[in-house]
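Student: Provided herewith is a single structure, encoded as structure tokens, for subsequent inquiry.
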Amino acid sequence: MLNYNFYDMLCPKLQMIVRYGVLAALKDDTRMAASLLRMHFHDCFVNGCDGSLLLDDTKDFKGEKNAFPNRNSIRGYEVIDKIKGDVEKACPSTVSCVDILTLAAKEAVVQSGGNPWPVLLGRRDGLTASEKAANEQIPSPFEPLENITAKFAANGLDFKDVVVLSGAHTLGFAQCFTFKRRLFNFKGSGNPDPTLDSSLLSSLRTTCPNVDSSNTKLAPLDSTSSMFDNAFYKNLMSNAGLLESDQALMGDQRSAAMVNSYSNYPYLFNKDFGESMTKLGNIGVLTGQVGEIRKKCGFVN
């Protein structure tokens with residue numbers, strides 16, 4: 001069983017080591033907050049929160065690092081490796097990579113202005129990874145809301161969790177290829193997405209001109225991309241969501257009502273975000289004697 005005090009005796013300095021590790025990373029690069037949060041999400045959505053995303057390919061399996069949703073996109077492996085190294089010095093072979101990633105995701109939110117939530121600990125690291133599962137199970141920005149909701153449901157997360165965890169897009173940037181069809185040729189119409197705010201459209205066309213060479217350029221996911229706040233929902237209310245899958249939350253009455261609430265009540269969003277993150281962090285966890293405590297996060301012992 002996971003519990004809040006799992007490492008209190010075994011590794012009392014753990015939370016402090018993670019906090020300073022994330023602090024150092026954000027000092028170098030504020031975008032890293034979003035990257036760490038996303039890494040935790042992509043780990044948990046593929047066969048549970050087991051640190052499988054962190055594993056390099058071996059002769060026995062193709063890992064998740066090169067799956068389509070992660071390749072040239074997931075960042076922060078070196079941040080987790082650095083924290084793991086510091087934790088190993090303090091408490092050898094004690095703390096799993098997946099628990100470090102789970103704590104780092106919370107720290108990323110808190111250090112960007114979000115509210116803390118208590119993190120359950122005691123997860124163990126998995127022994128394998130799956131590129132195929134990552135390609136199939138991670139939600140895509142091109143999918144309709146019902147497909148994304150189904151992928152959440154497969155992991156025991158409900159419709160409210162979809163709306164709340166989409167709010168993680170209050171942090172960070174997206175590459176142009178993830179939203180470019182909204183700017184020029186939406187669903188084959190030859191026109192931009194009619195729901196996209198016109199002034200945002202013109203600024204995005206400047207950032208992401210209609211040529212392949214702009215595919216990896218970056219645009220902020222909300223108007224305050226390094227602050228954890230409720231601006232994401234305010235932007236959706238004015239048709240200024242960046243990703244189709246985010247703006248789609250306004251196309252369903254149930255989610256639109258929640259977006260409206262969160263745009264008006266930031267404390268409600270913060271509270272619900274912590275609750276949904278706790279559910280996310282509990283997906284398919286390995287405990288007891290199952291799995292292992294990896295010495296290095298990229299390799300099974």
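A Cβ is built for glycine as well, from the same backbone N, Cα and C atoms used for every other residue.
Fair warning: this is a prediction, and the values are worked out from it, not measured in the lab.
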Student: If you look at what TrEMBL says, which of Cys97, Cys176, Cys208 makes a disulfide link with Cys297?
Tutor: Cys97
Student: If you check TrEMBL, which of Cys91, Cys176, Cys208 bonds to Cys11 via a disulphide?
Tutor: Cys91
Student: Cys44 (disulfide bond) to Thr170 (Ca(2+) 2 binding site): how many Å between their Cα atoms?
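Tutor: Roughly 20 Å, rounded to the nearest whole number.
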Student: Val46 (Ca(2+) 1 binding site): which of the recorded positions Cys97, Cys208, Asp222 is the nearest Cα neighbour?
Tutor: Cys97
Student: Would you list, in sequence order, the residues of this chain other than Thr170, Asp222, Asp229 that have their CB within 8 A of the centroid of the site's CB atoms, where the site is the one recorded for Ca(2+) 2?
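Tutor: Nearby residues not in the site list: Gly167, His169, Leu171, Leu221, Ser223, Thr224, Ser225, Met227, Phe228, Asn230, Ala231, Phe232, Tyr233, Asn235.
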Student: From the centroid of the CB atoms of Asp43, Val46, Gly48, Asp50, Ser52, Glu64, the recorded Ca(2+) 1 site, which same-chain residues not already listed sit within 8 A by their CB, in sequence order?
Tutor: His42, Cys44, Phe45, Asn47, Cys49, Gly51, Leu53, Gly126, Ala129, Ala133, Ala134
Student: When neighbour density is defined as the number of other C-beta atoms within 10 angstroms of a residue's C-beta, which of the recorded positions Val46, Cys49, Cys91, Cys297 has the lowest density?
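Tutor: Fewest other Cβ atoms within 10 Å, among the recorded positions Val46, Cys49, Cys91, Cys297, is found for Cys91.
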